[in-house]
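Trainee: Have a look at this one before I ask anything.
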Amino acid sequence: MTAWEWLQKAKEEKWALGAFNVGSIETFKAIAQAASKKRSPVIIEVSPGETSWLGMKNVVDLAHNFSLMYEIPILVNLDHAESFVDCQQAIDLGFDLIHFDGSNLPYEENLQLAQKITELAHQKGLVVEVEMDHIVGSSEVHSGSAQEEMKGSKFTDPGKAREFIELTGADVLAAFFGNVHGVFEEGGENLHLAVLESLAGILPKTFFSLHGGSGIPDEQVKDAIARGVIKVNVNTEIRQAFRHKLEEVLKNNPSEYAIYKLEGPVVAEVQKVVEHKIEVFGSVNKI
Ligand SMILES: [Zn+2]
């Protein structure tokens, strides 16, 4: 099945694909094992930083290998790519989905690049995600609140979104409706579902993604999926599980130098996070 077909199936059946960020082969393994155990399709994705660390071709090849090894469908997404060149390279290398994030550019420039990238990606049957109103925050633990992080930013405007989607022909909209990247120590996120409902009403054929899936209460995520979200991005909670377990394992095993022997519990901890998300997203047994 193509990425578009998976998204359409999720939309019709009202569940979502988890889009999990990978920063290392260990996170890759944890996500693949979780998906295999839950019999769930998954999207693995790489942000610009993760892409430069792992290398685009490695990401595609690892996804292919893990997909064969665990007998699960793994789709590969280029997450928050900001340049045409990066998108073009990912299209050529066999990514399944391209998220072009021009939300920091002037509107016209974002629109023109999104049109160009969508045209190129559609020639190969790939899915394109666009972003108009910048989704704030970053994939880390923030000391303040989500409210402070959102100050001065605007939620996605349905009228503008319709124009942008019609002019670009893109498939997925990275909507901003209270979702913020990262986890917040002083007050988390509250989704504004009325904004999502307006978007879904005005753009019935468009897919909607939920960025900043870490730290949002499970019930709110389920409510968003019931209103048309078919892709939920998760990064920070994976990074937290990885780091906390790694610190513990290193502390408890001061004389072990075979790093791979220390990584089993770390992979298991990340896998637990991913399995839980897969349950919340409703993609269990969807293979
Ligand atoms: Zn994001």
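For all residues, glycine too, the Cβ spot is worked out from N, Cα and C.
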Trainee: Of the candidates HIS122, HIS181, HIS244, which one does TrEMBL list alongside HIS80, HIS211 as binding Zn(2+) 1?
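Mentor: Answer per TrEMBL: HIS181.
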Trainee: Looking at TrEMBL, GLY212, GLY213, SER214, ASN233, VAL234, ASN235, THR236 are annotated for dihydroxyacetone phosphate. Which of GLY169, GLY178, GLY182, GLY264 sits in that same site?
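Mentor: The one candidate that TrEMBL places in that dihydroxyacetone phosphate site: GLY182.
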Trainee: Would you identify the secondary structure of ASP79 (active site, proton donor) according to DSSP, in three states?
Mentor: strand
Trainee: Hey, how far is HIS211 (Zn(2+) 1 binding site) from GLY182 (dihydroxyacetone phosphate binding site), Cα to Cα, in Å?
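Mentor: About 10 Å separates the two Cα atoms.
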Trainee: Going through the binding-site residues HIS211, GLY213, SER214, ASN233, VAL234, THR236 in sequence order, which have a CB under 6 Å from an atom of ligand 1?
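Mentor: Within range of ligand 1: HIS211, ASN233.
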